[in-house]
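Notes follow the structure.
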């Protein structure tokens, strides 16, 4: 049984009628149209009369051929939807959206910064030994100034890397601008730099000092002054920075504030009358930090009317914008569209955007004298090598009247390792991952390398052992790449008899003992001046470790009743051989270590090789001091034997130094019991079968190759 026709069936003939080419607009529909409706739809004006021209209503055309009842229903729904649409657009236009609020906040920030004169600028950094609470103090200062909202989730806000949050350390110096209303009711523009605490990243601290006029010297009340505290103090003192001492962690049960203040007076001769006592974790005393900064640290010196003089402090790479520069403005001002020139490279650039870190990037109309902010160019700077640390920029045409800044000393790698993919099919992927990390870490040196045992790889140079470990963790976390890292080594300088000097960073390129030129050459290895601070009760153990590491004692000072500062000159090779771990273990974690380069020293060095069936394994080769040969040789062969699979023939593992075999281990072959089928046979028969098996073993050993799996190298090279 057929039902009544639905609305779709009724609409089909109506739509066909409307699509007829002879269908015209009825004049009655035009006459009855309201002029106000046309105005609301935005009808155009007549050029002669000034009145709005009436246009045919497309809705009326669509309904012209429909039945009256259906036409009335469709017209009602159209008018109601138009009214609803108008109501929605009206409410959207009046209610402020998120973008409007964000723009108003940005405008208010720009106006507030523009109203602050240079005399109310303060640029300062936080320096301390590792794990004394620098990042925690930075979080509390950002909360106190309203830069970020207070909350329990604010932990290491300025630390951007996953490895920093995982290890609880700062690897790269981070910056942030803060606005603070002082007790006098005036706004101050504060620029904060959170610096790394480990000695491997000292170059970051040095660059941070160039953008600051003062520093907060942070000391842990439970630990007291430690090695990196001493190093940072003398570095800041040499730069002429104003230091404000801050004692942290005063709420701990083990805190000894009077002893810490006594150390500040005895070691640094600081005035502790203005010391600030805080607990960065709980927020106790945080309100006294910034007033002390404003009252005791000087404002930056500069002149906005002079030509631009801009110092490049740091840089990082962005995939879309290219190289982004962190700069300090000494004189003049810079805004988007300015043409700048680099003193170091001579390249000219057009400024694309300037801004501040608040704590994320916030664009600004300009940066003026005394400020620290970021800048990138359009078109962008594509090579990170063009951004030379300490370079000076000025406007094009002002090169003759602007004096360049002295610049920074580029950090030199002290530790070299070889890196290889665990699977050679992943070489290109790993190359891309390493290339991306090197873009943002200019202190890493990179060159291609090759090993007969491990295949194609790279030779990487790092500032220290922790720097190498952090780089490896970043590869794994950010790119999902696993690599095989060889034992860390240090460079060696060879001075030949004809006066030619060569610096070798790869042990595989060290001359062999049978090279006649090497026999008459003089060898040098790098030394460091190591400063160890420790409790007095562990002094004997620490001195034994330093003497075993070929250290030469330079001084011994008691700076309190229970604390000692030891200074040793020792080879860099001993330092990277887990010296810090041994110091920590022998002092229950109380010893701290700092070091600085002490130049080259003449030394008795030799190249050690690991041989497997008389074939050298180049991935394990090292240049060592002759006094370490026997110990290291025995360690090598014993450890390597544990990770090499047994073969069908005998495998001989040897450690050699020059032409001398230092240690040997033998891996017995798999052996078939050829006498199993003999029960009561003659002794001659037994001897014949054993001799036949022995001859077969000799032939197999002569033509057989030892297959060493990648996993064996990975286990052997791991600590």
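Cβ from N, Cα, C; glycine included.
What TrEMBL says about this protein:
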type	residues	note
BINDING	128-135, 194-198, 248-251	GTP binding site
COMPBIAS	73-91	compositional bias 'Low complexity'
COMPBIAS	92-101	compositional bias 'Polar residues'
DOMAIN	119-301	domain 'Tr-type G'
REGION	38-103	region 'Disordered'
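The Cβ of residue 198 (GTP binding site) lies under 8 Å from the Cβ of 130, 169, 228, 464, 466, each of which sits 6+ residues away along the same chain. Cβ-based crowding with a 10 Å cutoff singles out 128 as the top-ranked of the binding-site residues 128, 131.
Taking the domain 'Tr-type G' (119-301) as a whole, pLDDT averages 83 in the prediction. Ranked by how many other Cβ atoms sit within 10 Å of their Cβ, the binding-site residues 134, 195, 250 place 250 at the bottom.
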